[in-house]
Structures are given as C-alpha cells and as structure tokens.
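Engineer: Sharing a structure below in structure tokens format, with a few things to ask.
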C-alpha cells in the first residue's frame with residue numbers, strides 16, 4: 001500500500017524537503033533522475049532498446065530528465081535530449097553542460113529520430129496546469145502517434161495531477177515512475193507503475209504519517 005498526494009500536498013512536500021529537512025534541489029534531482037534511468041534500463045534493456053529520446057520541460061521535471069540522460073549514457077544507451085526551453089537556473093545550466101561535455105546531443109529544435117526505441121517523458125511535473133501550449137503540444141501529439149514505448153517521470157505529461165487523463169497529454173505511457181509519492185491522478189494507471197526518488201527521510205515519513213512500500217535497499221520499487 002502507498003499513499004497518494006494531491007497537487008497541493010506534493011508542492012508542500014517539496015518545499016518542506018528543501019526547508020525543514022535541509023535537502024538541496026540538486027540532491028533531489030540526482031536521486032530522482034538516477035531512479036528513472038534505472039527503471040528504464042530494467043524495463044527496456046539496452047540490448048533491445050539502444051536509443052533513448054529524453055524530452056525535457058523547462059522546470060524541475062525536465063531537470064530530472066537531464067540527470068537521467070547522463071546516467072542512461074553511462075548505462076550504454078545512445079541518448080538524444082530534446083530541451084527547447086533552457087532554464088536560467090544555475091543547476092539546470094550545469095546539468096546541460098555535463099551532457100554536452102559527454103557528447104550527448106541536446107537539441108532545442110524538434111527533430112524526430114526514427115532510430116529512437118524508447119522515450120523518457122520529462123516534460124511536465126506535478127505543478128502542471130492545463131492546457132498544453134506551444135511546442136510541447138506538437139511534441140506530445142507526435143509521441144502519441146508513434147508506437148514507441150514511453151516512460152513518464154512522476155506523472156504522464158499533460159495529465160491533471162488529481163484527475164488523471166482528461167483528454168490531452170501523453171495518452172498511454174507503458175511505464176510511470178512516481179517520485180517521492182504517487183499523485184492522485186495516477187491512482188488507476190494501467191501501465192507498469194514504479195515509485196522512485198527515494199529521498200523522503202524517515203523522520204518526514206513519521207511526521208506526515210505517510211507510508212512508502214520499499215522492502216529492499218533499491219532506489220525504486222513497483223506499485224503494481
């Protein structure tokens with residue numbers, strides 16, 4: 001069993017992690033991104049899915065994707081990153097530089113690569129408010145029209161955080177990696193559902209009275 005969060009609860013949890021519990025944003029992103037990369041590598045082994053297209057939004061969800069891209073390259077994947085709206089945040093800028101230093105292609109113009117075998121969706125996170133606008137609507141429509149498997153970070157991009165799929169967004173990701181705790185909108189998610197981003201300290205779990213289902217030392221575990 002695992003508890004599910006409302007949008008406001010998820011926002012407050014992040015604030016508390018970086019306030020009362022003394023975590024930095026860079027710590028949270030590193031653990032979250034590594035968790036997502038590990039889940040993808042388990043579900044889609046590099047031997048059969050060699051090329052990953054990582055689609056990143058401009059916020060923290062996109063930052064998780066940038067971290068995941070670095071680890072995926074270390075795991076042996078050919079990685080292509082689409083990051084059209086670069087944030088001016090210092091840490092996110094450093095994440096982009098890390099990718100460039102490792103010769104990972106970071107694109108700002110949307111180009112479809114036919115060799116892509118799996119997609120990591122790191123566009124919108126739990127702060128998303130509808131509707132989907134601009135370039136990301138085109139990108140999501142393209143993803144939905146392809147038969148390539150999608151792994152979504154925290155919540156499928158474009159879904160209502162509390163109501164789930166309401167007619168727009170990533171239609172049917174095969175895999176979801178909820179971070180910290182899953183959100184109400186994915187309670188009935190039909191694909192393979194993992195929880196990752198194992199950065200909730202024990203004291204915080206006790207303070208909030210929320211349960212996490214980990215039974216091993218892994219950074220992720222399955223919810224279904």
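Quick reminder: no glycine exception, Cβ is built from N, Cα and C everywhere.
According to TrEMBL, the protein has these features:
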type    : residues                                                   : note
DOMAIN  : 10-212                                                     : domain 'YjeF N-terminal'
BINDING : 60, 61, 62, 63, 64, 125, 126, 127, 128, 129, 130, 131, 154 : (6S)-NADPHX binding site
BINDING : 61, 121, 157                                               : K(+) binding site
Engineer: Starting from residue 61 (K(+) binding site), work out which of the binding-site residues listed here (126, 130, 154) have their Cα within 10 Å, and give them in sequence order.
Structural biologist: 126, 154
Engineer: Give me the Cα-Cα distance between residue 60 ((6S)-NADPHX binding site) and residue 121 (K(+) binding site), rounded to a whole Å.
Structural biologist: 13
Engineer: Identify, in sequence order, the residues in the chain of residue 64 ((6S)-NADPHX binding site) that are 6 or more apart from it along the sequence and have a CB within less than 8 Å of its CB; answer 'none' if there are none.
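Structural biologist: Those within reach of residue 64 ((6S)-NADPHX binding site), by Cβ under 8 Å and sequence separation of 6 or more, are 29, 32, 33, 36, 122, 125, 153, 154, 179.
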Engineer: Beyond 61, 121, 157, what residues of that chain have CB atoms within 8 A of the centre of the K(+) site's CB atoms?
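Structural biologist: Leaving out the recorded residues gives 55, 57, 62, 65, 122, 123, 124, 125, 152, 153, 154, 155, 156, 170.
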Engineer: Would you mind pulling the longest C-alpha to C-alpha span across 60, 61, 62, 63, 64, 125, 126, 127, 128, 129, 130, 131, 154, which the record has binding (6S)-NADPHX, in angstrom?
Structural biologist: 22
Engineer: Give me the Cα-Cα distance between residue 62 ((6S)-NADPHX binding site) and residue 121 (K(+) binding site), rounded to a whole Å.
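Structural biologist: Approximately 9 Å lies between the Cα of residue 62 ((6S)-NADPHX binding site) and that of residue 121 (K(+) binding site).
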Engineer: Please report the distance from the Cα of residue 121 (K(+) binding site) to the Cα of residue 130 ((6S)-NADPHX binding site), rounded to the nearest angstrom.
Structural biologist: 17
Engineer: Helix, strand or coil for residue 62 ((6S)-NADPHX binding site)? Use DSSP.
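Structural biologist: Going by the DSSP assignment, residue 62 ((6S)-NADPHX binding site) falls within a helical segment, counted as helix.
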Engineer: Round to a whole number and give the Cα-to-Cα distance in Å for the pair residue 130 ((6S)-NADPHX binding site) and residue 157 (K(+) binding site).
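Structural biologist: That comes out at 10 Å between the alpha carbons.
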Engineer: I'm trying to understand the geometry here, so how far is the Cα atom of residue 128 ((6S)-NADPHX binding site) from the Cα atom of residue 157 (K(+) binding site), in Å to the nearest whole number?
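Structural biologist: Distance between the two Cα atoms comes out at 8 Å.
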